[in-house]
């Protein structure tokens with residue numbers, strides 16, 4: 001009862017803080033007060049809501065190493081248990097770790113990463129380390145970091161700079177701490193959203209002389225890479241993981257299909273049956289969201305700019321509309337386009353009281369969270385300032401993330417070990433053979449048995465019996481929604 005009352009009191013204080021709308025972002029920002037991790041009270045004797053900035057703390061792990069900045073190192077044991085649970089649902093990554101550990105294909109690699117810091121990412125980081133890489137890591141999202149996992153990584157010797165509820169200033173400070181270390185020069189980048197790549201390009205351009213390649217996971221980051229390439233400013237080869245078949249067909253679709261409901265339920269306790277929902281964008285993320293909402297009995301509308309994706313939405317039974325046609329009547333608005341200004345002030349003004357607005361795209365640019373025309377919790381909910389709903393407010397299925405993480409690891413190995421001249425200063429798609437290899441590593445989990453082509457069948461199709469089974473131009477059925 002006390003905890004419930006304390007949470008209610010804190011929530012009321014948060015509304016007052018939000019309505020004050022501070023104009024200058026400081027280190028003791030609003031974001032920290034509204035995004036406390038549920039595990040922050042894990043360790044006995046801790047204050048339930050510790051407002052001290054991690055940047056103001058001097059922390060060391062049990063070995064005396066202090067090259068990290070996290071919420072609380074005392075949560076390491078709890079985080080370690082979460083990582084061990086995640087390992088059980090990431091069979092391909094663990095198989096890759098076991099198969100390649102003796103060879104150390106990443107020996108000498110110095111990987112600087114900027115991704116969501118979760119138990120699943122921790123398994124990836126520890127796999128890269130087992131394969132020979134040195135890693136320094138920051139978070140690509142100010143709300144998605146699992147503090148206990150960051151503590152476990154720091155205790156394990158990783159240089160991690162992240163905590164849940166960073167301010168914008170904290171966000172860039174953490175990235176800079178990862179990159180700017182005397183005597184340490186990264187030679188590989190693993191990015192999610194392009195912020196790390198942007199920071200190095202802006203602040204430390206000379207670093208690109210020693211960087212062998214960039215691996216980018218998100219549609220936003222890939223878009224930024226293509227812009228650099230088009231302008232002739234991309235200094236190193238880059239691997240586009242976002243458009244790999246394994247990422248699009250599994251992570252974007254199945255992950256979002258399960259996590260959209262979980263995120264909204266945890267934060268709003270909303271009932272979906274009969275609710276009118278508009279989903280902006282019908283790429284793989286939009287498809288997953290629409291399928292889940294439709295199965296729960298929601299009335300789903302779709303907005304789309306691409307006629308191919310639009311036609312798919314229509315044939316899947318959804319009504320294609322413009323946002324302004326339904327904005328007054330819908331109960332939930334979900335953005336998943338990867339674009340900017342999808343929901344703007346004009347839309348916010350016209351929404352009904354209590355309308356839930358959330359983002360399933362990578363960046364918070366899709367929703368005009370800078371607009372000061374709404375009253376928090378009285379007119380509408382904009383969860384976590386337009387940041388990624390499923391990772392900010394809940395979690396995502398570990399097994400699906402295993403597919404993406406394995407793809408990222410293989411892309412790093414490919415770029416790091418590629419002979420000089422194989423890859424130019426351009427953006428590349430993952431070789432189809434790697435996509436199929438990642439998929440095959442996950443099949444034993446389902447006790448699945450692949451059918452093998454006969455020699456005659458392989459000759460008839462013009463294929464190698466061992467693959468690849470799809471041409472390089474094959475990516476997926478859907479067209480990416482922007």
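In case you wondered, yes, glycine gets a Cβ from its N, Cα and C as well.
Quantities reported herein were computed from a predicted structural model and do not represent experimental measurements.
Per TrEMBL, the features are as follows:
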type: REGION; residues: 20-67; note: region 'Disordered'
type: COMPBIAS; residues: 21-30; note: compositional bias 'Basic residues'
type: COMPBIAS; residues: 31-44; note: compositional bias 'Low complexity'
type: COMPBIAS; residues: 48-59; note: compositional bias 'Basic and acidic residues'
type: BINDING; residues: 118, 192, 217, 247, 251; note: substrate binding site
type: DOMAIN; residues: 252-396; note: domain 'S-adenosyl-L-homocysteine hydrolase NAD binding'
type: BINDING; residues: 283, 284, 285, 286, 287, 288, 304, 390; note: NAD(+) binding site
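Taking the binding-site residues 283, 286, 288 in turn, the residue surrounded by the fewest other Cβ atoms inside 10 Å of its Cβ turns out to be 288.
Cα of residue 285 (NAD(+) binding site) to Cα of residue 192 (substrate binding site): a span of 16 Å. The binding-site residues considered are 217, 304; of these, 304 has the fewest other C-beta atoms within 10 angstroms of its C-beta. Contacts of residue 251 (substrate binding site) defined by a Cβ separation under 8 A and a same-chain sequence distance of 6+ are given as 400, 401, 403, 404, in order along the sequence. On the backbone, the CA of residue 192 (substrate binding site) and the CA of residue 283 (NAD(+) binding site) stand 18 Å apart. Shown in sequence order, 217, 241, 403, 404, 407 are the residues of the chain, 6+ apart in sequence, with a C-beta less than 8 angstroms from the C-beta of residue 247 (substrate binding site). In this view, residue 284 (NAD(+) binding site) is surrounded by 29 other Cβ atoms within 10 Å of its Cβ, with every protein chain counted.
In this structure the alpha carbons, written CA, of residue 304 (NAD(+) binding site) and residue 118 (substrate binding site) are 31 Å apart.
Here the CA atom of residue 118 (substrate binding site) lies 25 Å from the CA atom of residue 283 (NAD(+) binding site). Across the structure, residue 284 (NAD(+) binding site) and residue 118 (substrate binding site) place their CA atoms 22 angstrom apart. The two recorded residues, residue 288 (NAD(+) binding site) and residue 118 (substrate binding site), have Cα atoms 22 Å apart. Binding of substrate is attributed in the record to 118, 192, 217, 247, 251, and the widest Cα separation among these residues amounts to 18 Å.
Comparing the binding-site residues 118, 285, 287 on other C-beta atoms within 10 angstroms of each C-beta gives the minimum for 118.
With respect to their backbone Cα atoms, residue 287 (NAD(+) binding site) and residue 118 (substrate binding site) stand 25 Å from each other. Residue 286 (NAD(+) binding site) sits 23 Å from residue 118 (substrate binding site), taking the C-alpha atoms as the reference points.
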